[in-house]
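Under the heading UDP-N-acetyl-alpha-D-glucosamine binding site, TrEMBL lists Thr10, Gly11, Gly12, Asn124, Arg165, Ser195, Gln300. According to TrEMBL, the feature domain 'Glycosyltransferase family 28 N-terminal' maps to 3-142. Sequence annotations record features per position, and here TrEMBL assigns domain 'Glycosyl transferase family 28 C-terminal' to 188-357.
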Amino acid sequence: MNIIVSGGGTGGHIYPAITIIRTIQQKVPDARFLYVGTKRGLEADIIPKEGLPFTTVDIQGFERHLTADNILRAGRAMVGVAKATRIVHKFKPDVVIGTGGYVCGPILLAASLMHIPTLIQEQNVVPGITNKILSKFVTKIAAGTEEAMKHFPADKVVFTGNPIRSEVLSAQREQGAASFGLDPKKLTVLVSGGSRGARAINLAMIGVIKNAAAHPEVQFLHVTGKRGYEPVLKGLEEAGVDLTACPHILVKPYLYNMPQAMAMADLAIFRAGATGLAELTARGIPAILIPYPYAAENHQEHNARALEEAGAARMILDRELTPERLSSVLTELLSEPDKLQAMAKASRAMGRPQAASDIADLVLDIAKK
Ligand SMILES: CC(=O)N[C@H]1[C@@H](OP(=O)(O)OP(=O)(O)OC[C@H]2O[C@@H](n3ccc(=O)[nH]c3=O)[C@H](O)[C@@H]2O)O[C@H](CO)[C@@H](O)[C@@H]1O
């Protein structure tokens, strides 16, 4: 069986794609895959590292107004669809899967027009524009949340939940701690602004880390995003923090082994990207969420609110984020283990660890037909 998979731009679209591939491989060991992305997206870094065949089409997102640049982009998009058609002709897929990001557009459109079965997976409560357009052409839509279903044709959409990497579930605390040189017995806070990092969280964390430097009983693993790494190191230095004297505080640009970090996290400080939240809830990790305020239709705040209402997370709006506010919520939660435990329980109740398997079954089902 030949399967084309596409999804990209950010990790929130790429990791669901990898998870779907790995799950199908368990069910159909001889399935052949081809991943279609762009040269500029994070997928060009992550997918070859996963050992998956990777090819690219050239496409960019559109601006919301008519501009000369947009006309150029439309031209590129047409070239993108032509190249996608050639890729489909050559690879002869039995089914094509898209997990979001504009890179999915050309290949899913080409495959649909060639009457090849297609499935898209939507992670967010409010769908992205590419998936909204593609939903008119594709065979099936796997929705990550029940709220998203109303945005899609009722006869095509199925609620599955968001797929999470199996390592997120299988990773163990002791191993996680060992891989970072941290102490498995200490309370551990994992900080991440999503796959590209978050400047606002990084800035607030400089103040939090300054206080935490004198409290080795709580460990911090702060993932800054590649672009935020040097500025955070500089900010800490200016704040008088000597990281070499603080083995309980780790600052990293990006984690290729995020599941190991999640395995030892007692509390997370996160943006509210849908894939990250699916992983946190599958493990039952309580969180302080700071939604990215400029995500399309403010979908991260919707994502975060769902967890907050269920008692699985506390939310701080980006415009209200200061080191003091973050420190105060953090101190409150870390000093009240019962509260943290209740949040962990509520978080676990929201997780859908079987989502990947359900999506893989859906893919195999439409491929057969
Ligand atoms: C700014 C923006 O619009 N972001 C969107 C993007 O977020 P983004 O790409 O940040 O997505 P998420 O936070 O949902 O997922 C990030 C993924 O990257 C992984 N990871 C992250 C950092 C790291 O160092 N290592 C690592 O492996 C996480 O474990 C997770 O699997 O896609 C999500 C899913 O469609 C959306 O909900 C987000 O709103």
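Indices start at 1 and increase along the chain as displayed.
In case you wondered, yes, glycine gets a Cβ from its N, Cα and C as well.
With a cut-off of 8 Å between CB atoms and residues at least 6 apart in sequence, the same chain places Tyr15, Ile18, Thr19, Arg22, Pro259, Glu279 near Arg165 (UDP-N-acetyl-alpha-D-glucosamine binding site), listed in sequence order. Between the listed binding-site residues, namely Thr10, Asn124, Ser195, Gln300, the fewest other CB atoms within 10 angstroms of a CB are found at Thr10. Spatially close to Gly12 (UDP-N-acetyl-alpha-D-glucosamine binding site) yet at least six residues away along the chain are Gly100, Gln123, Gly194, Ser195, Gly273, Ala274, Thr275, Gly276, judged by Cβ distances under 8 angstroms. Per the record's binding annotation for UDP-N-acetyl-alpha-D-glucosamine, residues Thr10, Gly11, Gly12, Asn124, Arg165, Ser195, Gln300 show a top Cα-Cα distance of 21 Å.
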